[in-house]
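K.L.:
Right, I'll just put the structure down here and ask away after.
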Amino acid sequence: MDDEQDHGLTNPFQPFEPEENSPKQRFKAVPFRLIAPNLVTLMALCAGLTGVRMAIEGRFEMALISLFAAAFLDGVDGRVARMLKGTSRFGAELDSLTDFVNFGVAPPLILHIWILNAIPSIGWIASLLFAIAMVLRLARFNVALDEKNKPAWKRGFFVGVPAPAGAIAVLAPIYLELAGMPHYDQLAILVMIYTLFIAMLVVSSIPTYSGKTVGLRIPRAHVVPLIVGFVATIAMLFSYTWITMLVVVALYLISIPLARRAWHKANREMAEEATTNQNEINEQDDLKD
């Protein structure tokens, strides 16, 4: 499920404890609302693994489309869970494992099948390092879920590049080929360097935009440009899919230093506000004395 979902305590798959659970409790019916989000997550897993199969068969366009479907389903399952009030600890764990397969294992395997096998040892090491970076990023995120009293403004940022974005970004070299660039095995070294660069961003502590704090109410003056931009983007995706994906990845990478600057600005403003409040409290205490 998506990165910022809330996890409830209801578990549709309780552990097997024969001494404590009666047969009636053990075979108690599970509401469909608890199962539906997990079905979406499993569909995402199937899509990601299908992408690997397509790559093995040399059908790289279908491989990427499968991974895009996995990323879409990853963004949907959390919303389905919250809409049906079917969030669960089991679903959260299943989602995290699925994210690792779809975004930490499938992309480097596809890259290795596509070009990194031209430099077998070094290319495979780059694939392994990307997978390691992704699993560390997911583990860090799971630990961060337990943090409380998190400032509201921090919800607008992720720590490092999120898993789906990292997976989509690391596949950009394949977008180039599908957009018309000839395939050269000699470029494997550059692809390896790019893979390691994205892996570094994934596991880094650099703030990136999350989009979670974007308000539902849009200024009237921005409505028409937003609609036109959205329709134009969809039209470009259908007409010039891979060029559009390259532009999207480039814009996302450009946004990272902007997000870092915005994060530091917000953090500095919060610190200044805290200092001002503390000074006011101290002044009030002095007046009382």
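Glycine residues also receive a Cβ, built from the backbone N, Cα and C atoms like all the rest.
Feature annotation from TrEMBL assigns domain 'CDP-alcohol phosphatidyltransferase C-terminal' to 223-257. Feature annotation from TrEMBL assigns region 'Disordered' to 1-22. Per TrEMBL, the feature transmembrane segment maps to 34-56, 122-145, 157-175, 187-206, 218-236, 242-259.
Map these features onto the structure and tell me what's around them.
P.N.:
Per-residue pLDDT, averaged over the domain 'CDP-alcohol phosphatidyltransferase C-terminal' (223-257), rounds to 92.
With a cut-off of 8 Å between Cβ atoms, the residues of this chain six or more beyond the transmembrane segment (34-56) that come close are 1, 10, 12, 62-67, 69-70, 73-74, 76-78, 80-81, 84, 86-88, 90-91, 94-95, 98, 101-103, 105-106, 109-110, 113-114.
Tertiary neighbourhood of the transmembrane segment (157-175): same-chain residues 3, 60, 64, 67-68, 71, 74-75, 99-100, 102-104, 106-108, 110-111, 114-115, 130, 134, 137-138, 140-141, 144, 187, 190-191, 194-195, 198-199, 201-210, 242-243, 245-246, 248-249, 252-253, 256, 259, 262-263, selected by CB-CB distance under 8 Å and a gap of 6+ residues from either end.
Remote same-chain partners of the transmembrane segment (218-236), defined as residues 6 or more beyond its termini with a Cβ less than 8 Å from a stretch Cβ, comprise 243-244.
For the transmembrane segment (242-259), the list of distant contacts is 157, 161, 165, 168-169, 172, 175-176, 178-179, 201, 206-209, 233, 236: same-chain residues at least six beyond its ends, Cβ to Cβ under 8 Å.
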